[in-house]
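Colleague: Structure below; questions to follow.
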Amino acid sequence: MITLKQALSLSQDELETLKNEIDAKVRASDLNAYIKAPSLNGASAKGVPILIKDNISVKGWEITCSSKILEGYVAPYHASVMENLHQNGMAGFGLSNMDEFAMGSTTESSCYGITKNPRDKNRVPGGSSGGSAAAVAGGLAVAALGSDTGGSIRQPASYCGCVGLKPTYGRVSRYGLIAYCSSFDQIGPITQNVEDASILFDAISGHDNKDSTSANLKPTQTFKNLNRDKRFKIAILRDHIKDASNEVQLAYENTLKALKEMGHEIVEKKMLDSHYQISIYYIISMAEASSNLARFDGVRYGRRAQNIKDLKELYLKSRSEGFGDEVKRRIMLGNFVLSSGYYDAYYLKAQQMRLMIKEQYNKIFEEVDLIFTPVAPTSAHLFNYHASPLEMYLSDIYTIGANLSGLPALSLPVAKDPLGLPIGMQFIAKAFDEQSLLDVSYALEQELDLKLD
């Protein structure tokens, strides 16, 4: 597939040809990365076609978050990132499959069915932005937008062999993103290479008056300033690596060796056990989800239950029929931790611990430029692999720290396991220092020159 950098130099006629080629490929594909053929919606404007995750509002398109409860909901406005794309020569073209309401790590909970990993169709693409990553890796999209709440851009990028960037919280507007967890969610790019990630990130970044959490900063110019010759002081967290598979640990050590040979300084640091981060993340995210999803009741928009006797039954039936099992589970747990008698014991303590984790990151970043970790404990696993929801939650162990602390992080493919499946590693940077993430990843990408196809 043509890269985003190359596509931006195409004429309007050439772009129309490209869109027709993508549409034909999507119709012929069995990956189920797109919800439907992109030509059925058409492009959101003239420009390079960008795949959009199904929780980002595109005016005139049915946006469902891959959930039955939003069937028939047509977005009445563009998300701010869509307006930014249009101003930078890009446009939405197609909606990607995802875990329902972004709650999952496998893209198995979508009401549209599973998405397959293009590297091995018996395996998951990761989630929740699994459709976006599968499409980019499978040659079905030039580039894509995803959202990252606890690793939902970086983990599927790692499983599929793409570059995935989670920006600093507040760097990219969330206006028009259908919320899962408002204090964690961030929109970001999934692309074929680091240059494309930089270009797409620059296009969507910047202050937005319609988002009260948006940082008052101008759009970034990371692509213009990409520098592969910069050298960084990089921290590693040895105690956290023990949970990774042997293949991931080997890829980690080999990448560390490459970073040292490139001239980067590597230092060891310590942090709170990452298993605590899992508990903190899920308590807070489920609490916020139970509040955010209370708006879907069958009254104002989306699916409405039939043959009901009163308002209470309308609420009960609409939500019971509309939400999938994983979403129901998280709503119930969220309501539990917010209930009287448990609020102080769970939610309040989790918020206090979140602040402590953020302070630990800040302390490390007083002495280093970047932190280097795996993205996931394993490469992509088979469908129905997890015996329990808790096992699935543990797959986020390396990614949630950046969300808890609001820091930027980037997933870069660095190796293949014995089955030929991609393995990604992650850099985390100081708040609003996406430039360093992209610089070090750009240099490492060229140094490793990994061939996945």
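Indices start at 1 and increase along the chain as displayed.
Glycine too: its Cβ is placed from the backbone N, Cα and C atoms.
What Swiss-Prot records for this protein is below:
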ACT_SITE  LYS53  active site, charge relay system
ACT_SITE  SER128  active site, charge relay system
ACT_SITE  SER152  active site, acyl-ester intermediate
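Help me picture these features in the structure, burial and contacts included.
Modeller: Mapped onto three states, the DSSP output places LYS53 (active site, charge relay system) in strand. Annotation for LYS53 (active site, charge relay system): same-chain Cβ neighbours under 8 Å, separated by at least 6 residues, are LEU95, SER96, MET98, SER129, GLY131, SER132, ALA144, LEU145, GLY146, SER147.
Here SER128 (active site, charge relay system) comes close to MET98, ASP99, ALA102, MET103, GLY104, SER105, THR107, GLY146, SER147, THR149, SER152, PRO156: these same-chain residues lie at least six apart in sequence, with C-beta atoms under 8 angstroms from its C-beta. Classification of SER128 (active site, charge relay system) by DSSP places it in coil, neither helical nor stranded.
Of all the Cβ atoms in the protein chains shown, 37 others lie within 10 Å of the Cβ of SER152 (active site, acyl-ester intermediate).
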Colleague: If H, G and I count as helix, E and B as strand, and all else as coil, what does DSSP give for SER152 (active site, acyl-ester intermediate)?
Modeller: coil
